[in-house]
């Protein structure tokens, strides 16, 4: 960079150390082919019909400049070669340069011959030589090659707009113009050659964009906020210097890019106080930053990585006036329209026309102030001349082109006499890659939304009331600001402000719901049904495979998973999967009976499958009983059949679960690229199956995912970064565990369990039970020492987890993961509340994007962006508790109920919902939400016409006539809700500390026509209990029936998209 601000780039795979450079020959060959092919195909259209191309690169300079000759050097060779002349013919490439450069360029000879069949001819110029003789030699070679091709007067293409610098290039320019060759300009050809980028170039631009928006987000914006909040005085040029240092030292912005590979595109631009210049050549002056009410601050930052440019510009509004508000909203729409128009096949001019149309529609009076173009192409040059986004450019947009979409309003007027606020300008710029379908905004992570660029301070009441009066007079209202740092208005209560905000949210929510329902989006969920198909159950392929009968008694063939029953003197095999239940019974005569009930297709709980449909005329055996005098043999047979059946059913269940899994990408191990990030001695939930002792494992972060493994080879889980929807880190505070938790897009298998939630944790303290029973003194040294050890252990574990999380966040911050939007979220304990989401009470805490409960199982993860509305039920009436119902945007999905929330948490919950822009309602009763959602889905138009969700508004309903009770029909208290069975029963739904070994369960609970003896006895017992003894009163019997009745709700699944975090 010290040699030349323009030539700091290195080849994507090349290395540079001191004076030792290496050219990436593979890249050179590929791009040389592209170069010659492009020249040949567009020779007459873009290359001025040139037969020979002469490109002269000037000496190195400390000034920031963009030259097409330098760009060709970097594009083709990976480095800039100052004071070098390159002459391209159909059969030769001539290099006129110093000895050092010639030796470096010698390695490309073979590659050039193999790629396009041209010979590389170096011409070494000594320091004392003026080079005229070497130049004449090149001209002679050009003439002889042209004559051999039958062309006596070749056309030589050169870059006419680049003025020759230095003695060598001045001499070359003079000799070239006096040789008698026809000359033509090849600027357009080079512009078109550089326009479409390859993957290496796109990656360089993405890395540059990553650095650019990181500097904007982590350096520029926090600095501006601090200066304005603390009313500091700082000049534009000082801000420029600090920002430039942050670009040149990427670690200051938390970016892990090598400093030698980065540079600035231009000195960062800061403008305020009425003096604005929207040209790329603008400079930051020495005036102080002006940030009084009604002012505008423009910031523009551009950085380069391996000489590839990216750019971003933002306008920040301080206590925006209505004029500024309207202008910014119009500019934002125009900027988005220009970006959206950059699609393959469109003309380049379509971007500017789209922006102009938006301004003409929303603010026609601002058209004269609109910039004359919407930006330019960007890459090795900050402004690619052939790709200017103006109204006249008819070039066609192609995929993998990259643009700096920059648009603004110049010299707008405020109605004030203050010269520093009277004139203002607005500017927005982003780096955009043209995709195959939609454009990719590289710098989108730096928000340009109204709420993130508009600040409100309102320190001066007179200045505050003046814009409000104008806004009312104009019939417009200034948009909401990002932050209110000071306010002198305490007249309106929090409750009143919340009520106004909720009313606005209700309006927005009803409009959004109406649009979604009108567009047919009433069922946003996944309605795919995973119909379970069974394979043909074959125990033996033919009779010869049957084992020889030992005796006419029941046999179990473990190998073939069959049970052989003696029927009429013949051993008849049955696959164990056809057996539903097996039981034994002993009568008073010491006779033992074994009863086997089979699964019969076509019965209510055994529907027809593909296997039974093949043999529709088949007759099925329903049940069979055998008698024996040997009770021990009977119990052994029953136990063996049950064990075999359990194993087979578990295997088939796991196979069916795996069949529905989405195929994941393959984990790429870190290998030699970097050392994997590790966290040791972790436990996992859900736990692996098996009866063996549970052992801890290690979690490792690799190139594209995590791997958790124990010392047992079969105990391994891989979680891909692309499958992670939410990542949480919860340190132990009042809990006994520290954990990291991943909520996934698609299910994975942990052991033999299918799950969307995977958690890794460590217990921070041991569970100790005091056997003595006596109280220990608070000043007992042993007690104090033990508590200190526990604190130290907890702090160490929390610090280890925090270090792991920080390192993974840094990994996720790299450009290749920018589309995943991953970052560990931490629950906000201060906003937490107790409630019952499933079966037991739990402490539920919000995060920046979710509502979670991660300690007790089943886990609760609700993404805020998928919530339609929240209804707070059983509020008031002197209740100690209330319930919360979460209605999702997918109306086909069951609502989430959180019961028994203490009323003391009500205000905090309402405040939090209001802060996160979630509309909530209150009701005095529980509602039948299944019926409500069914009614909405059946007739969405009536729901919209009746005011949408406003039927839940207690204030609105109280003001209506008491006689209008028809609207309440169909909405009955949840006590009348029909019974529903929970979709998910987590076998590990115990607290972590009390977790025990996994118990095996026998799935014999299905109803069917043939009942076992236990079922018959249980029914008789229940009947006796319901009837009661004769002395029982009628009330007692009714009480017993009611007590026997219970219901359970199905907990909704939880998987939602990531929400943008607040800055």
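A Cβ is built for glycine as well, from the same backbone N, Cα and C atoms used for every other residue.
Whatever TrEMBL says is automated annotation, not expert-curated.
Range 502-532 is the one annotated as region 'Disordered', of 378-408, 409-439, 502-532 (source: TrEMBL).
TrEMBL tags one of the stretches 319-352, 455-488, 557-590 as region 'Disordered', and that stretch is 455-488. Only residues 6 or more beyond the boundaries of the compositional bias 'Basic and acidic residues' (502-515), in the same chain, are considered here, and those with a CB under 8 A from a CB of the stretch are 868-869, 914, 917-920, 944, 947-950, 953. Across the domain 'FACT complex subunit SPT16 N-terminal lobe' (23-190), the prediction's mean pLDDT works out to 90.
Across the range of the domain 'Histone chaperone RTT106/FACT complex subunit SPT16-like middle' (833-923), the DSSP-based residue counts are 16 helix, 42 strand, 33 coil.
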